[in-house]
Amino acid sequence: MAVITPEEADAITSIERVCSVFSLLGCLFVLATFAFSSAFRNRSINRLVFLATFGNMLTNVATLMTRSYILNVNSFGCQLQSFLIQVFMQSDAYWALAMAINVYLTFYHKYDARMLRRMEIPYFILCYGIPFIPGFTFIFVHTESAGRPYGNAVLWCWLKSEWEIFRIATFYGPVWVAIIIATSIYIRAGQDIYRKRRKMLNFSGSNNGTVTNAEPYNPINGFTSAFKTTEVVQTTEIITVPRPVADPTNQTSTTAAPVKDANVSYSVTISATQNDSRDSLDAGSETPTTTIQEHRLSRPSGPTTTVIQTSVAPHLHTMHARRRHYELNNAAYAYTKCAILFFSVLLITWIPSSGNRVYSLIHNGDVSKPLFFASAFVLPLQGFWNAIIYVVTSWSACKQLGDTISGAFGGGRGTISEITTSISRHRDTRPTGGKWGKTQESTSMEDLTSSRSQLEHVSPV
């Protein structure tokens, strides 16, 4: 077991409590904004952060106790602190894995927001249920040689050094499995995004709107399997063709020249059907099918034949491709920021303590003082890191919330009830120019992984 001086013990206690306070403040921000503003509730990632926040708060209850009960290991306080740390501290990594699974399900299995919401109950059961089983069991375990599992772990009450193997098997091992799976998902999704981005760069550099030097499309990716043409210029002409008129002199039929009937008007709707052919995404093979729906608004007298002529402006293909190229650049940049943030938070949280465990196994129970203090600093901050992710992935909602609060104070409405009412009416309004239009850059992971987002439609038209 590590031996620390009284000064080091006091420093550890101060670090743990200060970091726990910051984490609790982050948790309170998540709970308040999620409860009072619907703009924060319309993204699945925010709902997962919200559900993870309860575990973060219970973890901070334990870390605020710090070293208060390590000298009385059989007390209720020590056993409670050990149980909370064993169950809820590691559950944070499982919630990070759940967020990555949402990315996978939406990218590769076309899950929409309603389907993702159905996954939240299984996530809740698994993220808290898996660590609960060993955590609760340890309370009742006792052996002659090692005693009770929960006891003095230097930083706080947790699994004692005599139970080191169970620290790895029931805590650090599952945590790193979750981290590795989540990282693999982000890497694979990122590769697909940048592969599509490279194809669009080749397409935008072509003069005739054809992909040049593009790699063949792999059906396994399934990333841009469908799209619709939405920008169509149509020219509609209503022509009335009279019945043939018999000529009595030569017994032949003549047809008068077609004339336009001003009394006839039509509403014509043109929509492109979904292209399900994976091979059609290769260069030059794109031929979407167009459906024309005709609705007569007024009927002229007498029978007529209606001819509808529709044409598509060719230059719109290139314009549409450039727009998608711009949107894809924004999407790739935003996805990169979010993925790096998720990855960095996981590493910052778990590398110091995991490294300390490895060091302890190699050096017969001794600990590394730098890793020891780093663990005391980063582990209580889980709620703070989740609040940072929550803010980054809903940055537009946070800005609008700030404007709402500023307007409430600046407009002379300074009472708590008026401010609360103003916040509760807050909505997340996006610009109509698309999720990644020039007026706003999306940083929502759900926006980046939505099956109906622009990332699903990056192939050239």
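All positions are counted from 1 along the displayed chain.
Cβ coordinates are placed from backbone N, Cα and C, and glycine is handled just like the others.
Residues or ranges marked as compositional bias 'Polar residues' by TrEMBL: 439-453.
The domain 'G-protein coupled receptors family 2 profile 2' feature in TrEMBL is assigned to 9-198.
Look at TrEMBL and you will find 275-304 (among others) tagged as region 'Disordered'.
TrEMBL lists 424-461 (among others) with the feature region 'Disordered'.
The transmembrane segment feature in TrEMBL is assigned to 15-36 (among others).
The feature transmembrane segment is assigned by TrEMBL to 48-70 (among others).
If you look at the transmembrane segment (93-111), the same-chain residues 6 or more away from its ends with a CB under 8 A from one of its CBs are 44-45, 48-49, 51-52, 55, 119, 123, 126-127, 130-131, 174-175, 178-179, 181-183, 185-186, 188-189, 192, 222-223, 342, 345-346, 349-350, 386, 445-446, 449-451. According to TrEMBL, the transmembrane segment annotation covers 93-111 (among others).
Taken from TrEMBL, the feature transmembrane segment covers 123-141 (among others).
Remote same-chain partners of the transmembrane segment (165-189), defined as residues 6 or more beyond its termini with a Cβ less than 8 Å from a stretch Cβ, comprise 86, 90, 93-94, 96-97, 99-101, 103-104, 107, 130-131, 134-135, 138, 149, 159, 335, 339, 342-343, 346, 350, 353-354, 357, 449. Annotated transmembrane segment per TrEMBL: 165-189 (among others), in sequence order.
The transmembrane segment annotation in TrEMBL covers 332-351 (among others).
Summarising the annotation, TrEMBL assigns transmembrane segment to 371-392 (among others). Sequence-remote contacts of a segment are chain residues at least 6 beyond its ends whose Cβ falls under 8 Å from one of its Cβ atoms, and for the transmembrane segment (371-392) they are 2, 4, 11-12, 15-16, 19-20, 22-27, 29-30, 40, 45-46, 49, 52-53, 56-57, 59-60, 63, 89, 92, 95, 154-155, 337-338, 341-342, 345, 348-349, 352-353, 355-356, 359, 398, 443.
Within its own chain, the transmembrane segment (123-141) has Cβ neighbours under 8 Å at 48, 51-52, 55, 79, 82-83, 86-88, 90-91, 94-95, 98, 148-150, 159, 166, 170, 174, counting only residues six or more beyond its boundaries.
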